[in-house]
Every structure is written in structure tokens, then in C-alpha cells.
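**Q** Just passing along the structure, written as C-alpha cells.
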Amino acid sequence: MADPQKTALGERDIEQAIAFLKKGSYLLKYGRRGKPKFCPFRLSNDESILLWYSDKEEKQLKLSTVSRIIPGQRTATFQRYPRPEKEYQSFSLIYSDRSLDLICKDKEEAEIWFVGLKALVTRANNRKWFESRTDDSHCSDSPKSSTRRSTPSNTPFSDPGDAGGAAFDVKNRWVKAFSEIISSNAASKSTSQAESIANSSLSSGCVDNSSNRNSASEAFRVSLSSAVSSSSQGSYHEDFDSLSDVFIWGEGIGNGILGGGVHRVGALSSMDAFLPKAFESKLVLDVHSISCGYRHAVLVTKQGEIFSWGEESGGRLGHGVEMDVFHPKLVDTLAGMNIESVACGEYHTCAVTYSGDLYTWGDGAHNSGMLGHGNEATHWIPKKISGNLEGLRVSYVSCGPWHTAIVTSAGQLFTFGDGTFGALGHGNHCSATIPQEVEILRGFRTTKVACGVWHTAAVVEAINESVESSTRSSSGRLFTWGDGDKGQLGHADREPRLVPECVIALSTENISQVACGHSLTIALTTSGHVYTIGSTAYGQLGCPASDGKVPTCVKIADSFVEDIACGSYHVAVLTSKAEVYTWGKGLNGQLGHGDNDHRNKPTLVEFLKDKQVKSVFCGSNFTAAVCLHKWIPSVDHSTCFGCRNPFNFRRKRHNCYNCGLVFCKSCTSKKSRKASLAPNTSKPYRVCEDCYLKLKKPAESVPLVQTPSLRSVSLQENRTTKIQGTLLRLSSFGSILQTESSQLKLPDSQDSHRSPASNGKLEMKGFASSKSSNSVFVDSKKNLPFSEPAARLSCQTTSPVSSKSSPRESYEDINDDLKHRNDILSQEVIILRTQVEDLTRKSKSLEAELERTSKQLKEVTAVAADEAGKCKSAKEVIKSLTAQVGYSIRWVVYSPLLHC
């Protein structure tokens, strides 16, 4: 019996690999003529065709025509321009009598492409075989068809040396499996298909030999996606199957941990990102929504999985370890829970599942009880809230720095945490360590709630009855309570409220959404208008003339606002034209306009103008946007990806030898020897500015910001896990090549293909798949591909590692790789020594020139001093002569008078 958790993880890896293939990437394509060139490759939306662009022309390859995938560089096309150092990054798709030969940027990308294509080709081959068997069943009366069905060579699972009965048993087993998949319910589907996936031949080297064990993958994936989408409460159902990209900007995004850097906020002067930055992750994630907290963030994928990253503080990341996380990491405790929504406070995080359960975790040592577990204990991993919520389905949650509010599917409002200023709405200043219903709103239906620092706002349905037409309709009313010192409650005064009170100024409006910041409240109406109330410190009201005591409508010309988000002192809104406007505090670049200026009016984020933005989210001092992934074919590559200037006769195209994108000469003026797609590693090649900065960083530049204080696992186990994951990753593709080579050398008569019933494991042409010895589904606690930086996808699911590969061969591959790296480093050392000698000569020459100049300066100084002395003597002589002349003049004038 397969482990359901392991099979679910394996299926998740395949899903993530396919999502990566749909987004596409630049690969180096070898052709029968000419030199290799960069081409953008991607998978079609229906997952049946591989698309790429070459010479401004779209080309296609149907995956159903692919017979197998060969890793390495062993085709005739590769031999035209062999690159042995790229052996582990290369693979070939064999179809008809031709091959498609590709080189990826690195080993990790090659493994992802290999996994995704192998799963899709396997599925296509299984579908073809099953359809052929279905067609044959319609002609069962024909003797010819009966003979054909009994022939072992007509199945994709058999070899000429097999017994006919064994092959017939295999076929019957798979026909029965498909019938069970069609007839069983969703729950039984997932279990049976997970077992089929666990036993699949993902460790084999050729796709056509592994097609018989992975046919249930498609049904499992479809059923999983359907389950998630049918339960989704989001507003973008039509875009559920579309891929998403994330752009993020603001505090700590430039070189901080949130942006994938290694420094905490405040460690460096330049930590912020003033323009939206495409979020890069080591994981292949199809993002559904994001929640931004205080220097940490949490995202939910379309498959219902939750990932967190950022600066750790009191367990708010939920990984059980007091350690900063630089890239999104799966929250293991909630794996398989199907998360619907998340919310982040300053010190804690909350998650709601599709079944309506609420989980909280984080720092509870602030005497506020904001986790809702009845005590002030800190929880380093998610824990379910029970008590008053038993039997209730939570549909919405909002977190403030010190308190939490939740809404049930029946419209009940519960709050818990710090009750200072009456922020909980219970009529007092007391705190609550467990969820308590807001009594004054009992009997009303609450739809949305938002928590500020010391105040809360909620949207409550009100029933409107028309006497004339005898009809009833509902509309949203805004209720606020808590601290009103800056007028953020909207009651035309600055008095606090201990219980919810309706904002009379908005009683004629139909409110649909609400968001709260620090002394700031924002409301969105169904007509697309935005109202702001509260502090005017940084212009966050969006209207310079407003005093903030009463709601003010923000003017956004010719725009219908669909979504709103609020940080501590800034606001972001999304219009129906998929445009993002921001205003308020911009000190950390959270407005996304390329500077740190404040804005007191809505300003369009020009960087996202051509992006199809689906939703916006705000953290304390940073902002994020989820956009539809936009595939740009080569026919649209008429402008540089850097400066956006059009290419012409003088401005030529140049590919970056690290990412493969197209730039002009000025944008690829820098060169690097570390470019991943460079033909020769001993020579520097052109790279773009972003890639140059990435390659300039040391390979291992991820220091731990904090000394890890483990809460659920030991440090020794983590180190052992990382070492094992690294060894597996280094040896994976070496084992592929060794095994595949041995298979191609064996004649068909020596193939050891036996029935699965013979010894409990299936062997196909030298490849073995065994649960006990070398199962491809590694323990999820030790190796989580796409969710653990130390363990890649090659360690777990479809990396074709043979169970009979020799450790000596793997170590020899590692030694060869290390020798090659040593040679490269030796060459770099020689070059650096030459540069040092050259600089030393120049330094000595400059020192001599400096000494000569200093000597001249001393001589000139001495001459100047001598001249100054002469000048002084001359002035004294002139002064003396002037005195004598004056005396002589007076003597001449007064002498006659004296004689008289």
C-alpha cells in the first residue's frame, strides 16, 4: 500500500513542473544546420504541444509523437558542437526519425523540464494505447482483432521475450484500473491513483518504457484541480487555470530577505525596491493569493498549498524553527489541508481551509491572546482553533498587529486578542484569548472585516424593504469601532467606540470591501468608488483637502475600482482596466513609482501598465501584485528587455548568455565567465545587468541571520538532510547517463523484462522500480523537491535514477565535476595573478610619478617663498622711498616760509 502523503507530494512535484513548462523559458536549441541558438520554449495550455519560436516563426511538436527522452548529448546533432561541460543540462526528444536537442540553463532547470515532459509524454502514450485497445474492443468479433490482442508486442508494456500470458495479465490489470477510475467516486479516485503514481516508473530512462505505470496521473490532476476550483470563493474563477506571476516592491525587497536577499531590514542602506520586481523563487509555484505582514509574507497556490518566507520572529512563519527563510517554503504541518485564504499580522499568521477550519501560529507572548488558543503560549507550527468555533465554518479572517477577527459562513463575527481602545467590539477594554462573538451584531450577516492597529471595521448586510413594490434587497453597511484618535472611525469626531457603530455618512452607499491601516480606513462600494477616513500624515487619504473625520471619495479618473489594499500608511487599488494606483507614504518605495516621495493623490504605477494584474496586496511597508503570466513570442521581441528601445540597423540584438533574453548592446555590455549558457567557461560572455549582479554574488552567499533555535527538529538532522539532498542532486544525472548507456548497448534478447507479479517489482530493459530498495518517493521530512532548497526535484519524483546504479560511478561523476571546477578556478587564479602583476607595475609607476611631482612642488614652493621675501623687501624699500619723497616735498613747500 502506497503512502498517501508521499504520493501526494510526488503528484505535486509533477504539477509544479508542468506549471513551470507552461510559463516557459529560454533554451539553447541545436539544429541540423547552423550554430545553436536561443529559443523561447513553452508548453501549450492543453499540455499536448511543445511550442517554440525560431526566426520569427512559431513551431510545434506534438508530445504524442515523442517516443522517448534521452538525457545527455548522445545524438548526432549534439556531436556537431559538443559541450561536455553541459552534459547534465542537456536532453533530446526523439520523434519519428528526428530529434529535438536542447540545453537548459542549469541542472535544476533540466530536471524540471525532464520531469514535466516525461510525465506528459507518458500520459500521451498511455492515452494512445488505451484508445487503441478501446477501438479493438468494438471489433471483438473479428478473428484478426483477437489475434492482435493476444500478441504481446502490440502493447507498450511488453517485449518480444515475454510470455503472452504475462502481457495479457498486465493489459487486463490496466483496463480494470481505468474502469475503476471512471466508476469510483472522487475520494477513491485520489487513493487509487496515488498508489498508481507511487508505483510508476519515474526512475526509468526512456519514456516509452515507463508508460504503463503512470496513466492515472491525468485523472488525479484533473480531479484535484476540480475540487479546488469548485470550492474557491475568489473572484477570478475564469482565470483559475491561467498561470500567475508575482511582482513585489517596497521595504526589504531590494536586497532583503523578503526579496530573496540575505540581509534583514536595516542591515544595509539600500534594501528597498522602488519599482515592482518580478518575484523569483526556487520553487515552481502557481500563486493564487498572497498575504503580506510585517517583513514576512505567505502565499497560497491554486492547489491549496501554503508557503511562507521572510524574517522569522516568534514562529510567525510556521516552520517550527527560529530561522529566517529566504524563499517560499512549504508549511509542512498544513500540507494536504487545501488552504483557501491566509492573513498576516505583525507577529502571527492565520489560515482558513476549504472545510472552514482556522489555524493560527506565531508569537503569543505579548499578553494579547491574538492566537485564540485560550493562553499566551507561542506556537511555532500551525494549531487549529476549536472551542467556540466547533461546528462553525470560518469563511474569512483578518489580522491586525494585536488582534484578530473572523467571519463564519453564517455571517457571525468573532474577535479575539488585545482589547485596548475597545478594538474587539465587546463593549469593554478587556482582552480575549479565545474567539468571542460580537454581541451587538448578532442577528446580522457580516460579510467582510478588517483589523487596523487599534480599530476594526466590518461590512454588514442590511435589508432594504420597499413598501411600494413589496420587494426586499440587501446592501452593505460600514460599521467601525475602537480607537478614533485620528478620525479613522468616520463618525465626525475623534472619540473611541467600544461597540460597532454604523458610519452614517456612508449609509446611502452599498459597501463591498473594507481595509484598515494605521489610523486609516478604506471602503469600496459596489459602484467602484473608494472612500477614505483617518490620518492625513502622508497623504494616504488621496484627497489633500480632506480632514479625515468623515469619509471622502477618492477621485480616480474614468476608473472602476475592483480591489483595494492598505498598508500601514499607503494604499493600493486595482481598477477594471487592470491598472494599479497607489498613494500615501513612499519612503521605502512601497508606492512603486521609482522614488521615495509621498503621494497625496492616486498615481498610476506605470511599470505594471502592460501587465494583466489580477489582485493587489499590501504589507506594512511593501506591496505585491499577482498578474496573469504573459507569454511573449519572438515575433514580439522587437524591443530590448532592458531599455525597451526598439531594435534597428544600428541597435543590434544580443542574447544574455545566462537568462537567454534579448537585449541591445548597451544593456549587455558586461561580461561574465559564470554565464550558465556560455559555450566556453574560460572566456567571458555577454550578460544582462540583473544576471551580472546575480553571478557576481558568491555561490554560497546565504548565511543564517540568526542562530537557529530548533523547536521541532534537531540541527543535526537538518545538516544530514542537506548533505543527502546535495549528494542526490549531484549524482542524479550522472546515474541517468550511466544507466541509459548500458541500456542502449544491450541487445533485445538480453532484456530482463518480467511480470510485476513475479518478484514484487517491475524491471524494464535494465531499469528497476522498487518500493523497498530505492523508491523515488523519498521521505517528505527529508527531501521535499520544490520546497526545500537543499533537495531538488531530481531526488524525489521523476528523476530517472536507476535502483542499480553504482555509488562508485556516482562518486566518479562527482570527482570529474570537481576536477573540471578546479581547472576553471585554476585558470581564474592565473588570470587574477596576471592582473595583480599588471596593477603592481602601474602602482609603482604612479608612485614614481607622484614622487617626481612632489619634488617639483617643493621646488616651486621654495621659489615662491623666495619671491615672496623679495616682494616683501621691495615693498619696504618702496615704503621708505615714499616717506623720503613726502619729507622732501614738505621741505620744498615750507622752506621759503621759514626764511621769511
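Cβ from N, Cα, C; glycine included.
Curation does not apply to TrEMBL; its annotations are automatic.
Heads up, here are the entries from TrEMBL:
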COMPBIAS  132-141  compositional bias 'Basic and acidic residues'
COMPBIAS  142-158  compositional bias 'Low complexity'
COMPBIAS  794-805  compositional bias 'Low complexity'
DOMAIN    634-696  domain 'FYVE-type'
REGION    132-164  region 'Disordered'
REGION    741-765  region 'Disordered'
REGION    789-812  region 'Disordered'
REPEAT    244-303  repeat 'RCC1'
REPEAT    304-355  repeat 'RCC1'
REPEAT    356-410  repeat 'RCC1'
REPEAT    411-462  repeat 'RCC1'
REPEAT    476-527  repeat 'RCC1'
REPEAT    528-577  repeat 'RCC1'
REPEAT    578-629  repeat 'RCC1'
**Q** On the DSSP side of things, how many residues of the repeat 'RCC1' (244-303) fall into helix, strand and coil, could you say?
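**A** Helix, strand, coil within the repeat 'RCC1' (244-303): 0 helix, 27 strand, 33 coil.
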**Q** When secondary structure is assigned with DSSP, how many helix, strand and coil residues does the repeat 'RCC1' (411-462) contain?
**A** 6 helix, 26 strand, 20 coil
**Q** Which numbers of helix, strand and coil residues does DSSP report for the domain 'FYVE-type' (634-696)?
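**A** Looking at the domain 'FYVE-type' (634-696) with DSSP, the answer is 14 helix, 12 strand, 37 coil.
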**Q** Averaged over the whole of the domain 'FYVE-type' (634-696), what is the pLDDT?
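**A** Mean pLDDT, the domain 'FYVE-type' (634-696): 78.
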**Q** Helix, strand, coil: count each for the residues of the repeat 'RCC1' (356-410), based on DSSP.
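**A** Computed counts for the repeat 'RCC1' (356-410) are 3 helix, 23 strand, 29 coil.
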